[in-house]
Amino acid sequence: MVSPVLALFSAFLCHVAIAGRICPKPDDLPFATVVPLKTSYDPGEQIVYSCKPGYVSRGGMRRFTCPLTGMWPINTLRCVPRVCPFAGILENGIVRYTSFEYPKNISFACNPGFFLNGTSSSKCTEEGKWSPDIPACARITCPPPPVPKFALLKDYRPSAGNNSLYQDTVVFKCLPHFAMIGNDTVMCTEQGNWTRLPECLEVKCPFPPRPENGYVNYPAKPVLLYKDKATFGCHETYKLDGPEEAECTKTGTWSFLPTCRESCKLPVKKATVLYQGMRVKIQEQFKNGMMHGDKIHFYCKNKEKKCSYTVEAHCRDGTIEIPSCFKEHSSLAFWKTDASELTPC
């Protein structure tokens, strides 16, 4: 028969042994939480693992009881990110992504000519949904362009009802005698507005001066405006240096103001020369002088080789320099051969 004292002592030792086998704080699992979370647990106490928001369990146990051994069983629970649905194809745009898992972001961009109607990025939420919603790519349009003062639409073809699409162009022109400052063509931009509009300004030019030894004609009106024209001419024996017609430009000046150049009096009475590739006689072709800008070739003699060569002479505003090698042939020296009749060197 066991002594009551011995039995009580044995029970005490057993209680101490059992009470001493507590479980430690459980291992941390990626993306999971433990309830209740303590530093130690008595045998028989339970814990429950839960995946954090945005994550779901893939295999393994979630509920555990602290055993008498004081050692937690091996935990094979896996918490993995939620996966949001495929974002789909963004019509007229592109979706950029690396993953559809929580908490990844995806971004959106539209093709040229389209703009994002919605957000530029979306996030995979804890619930496995995209937020904000997936956007759409809408066409970029520009409203009808404002017409500048004193301007008209020269070429306007809206391609979206009354609106124009991205990169559509409009061409303007100014009313007569108004000068356009800027580009006559504007374009619908990616911001949905037009590039800078031109201006149409009234431009006046002063009356063109009459060239010395010449004349000028222009419209008989109080003011000469942009695109008005003036014509010039010279008196006899003078030649116009420059175009016969000038135009009032958008800067308020004339495109050109020509001058009248004096003709050249040839100090040679008689000679055969080359003019425009033909042999002509000075006394016949240039009896009234040689016009400014004209050029002729005089024949010169190479006495050693008994042949001829030509030297150019140019009339410049009443002045011409006769080549020093040229010798005017005298009709009295009939036995001498004129240089123009010799064989070319």
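The backbone N, Cα and C atoms fix where each Cβ goes, and this holds for glycine too.
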Pick from C205, C315, C325: which cysteine does Swiss-Prot list as forming a disulfide with C264? C315
Of the listed cysteines C200, C205, which one does Swiss-Prot record as disulfide-linked to C174? C200
Disulphide bridge to C51 as given by Swiss-Prot, partner from C23, C66, C79: C79
Candidate nearest C84 (disulfide bond) in space, where candidates are the recorded positions C66, N117, N193, C260, C345 and distance is Cα-Cα: N117
Tell me, what is the mean pLDDT of the domain 'Sushi 3' (140-202)? 95
Recorded positions C137, N162, N183, C188, C307 vs C260 (disulfide bond), shortest C-alpha separation belongs to N183
What is the Cβ neighbour count of C315 (disulfide bond) at a 10 Å cut-off, with all protein chains included? 24
If I take the alpha carbons of C66 (disulfide bond) and C205 (disulfide bond), what is the distance between them in whole Å? 105
DSSP-wise, what's the residue breakdown of the domain 'Sushi 1' (21-81) into helix, strand and coil? 0 helix, 23 strand, 38 coil
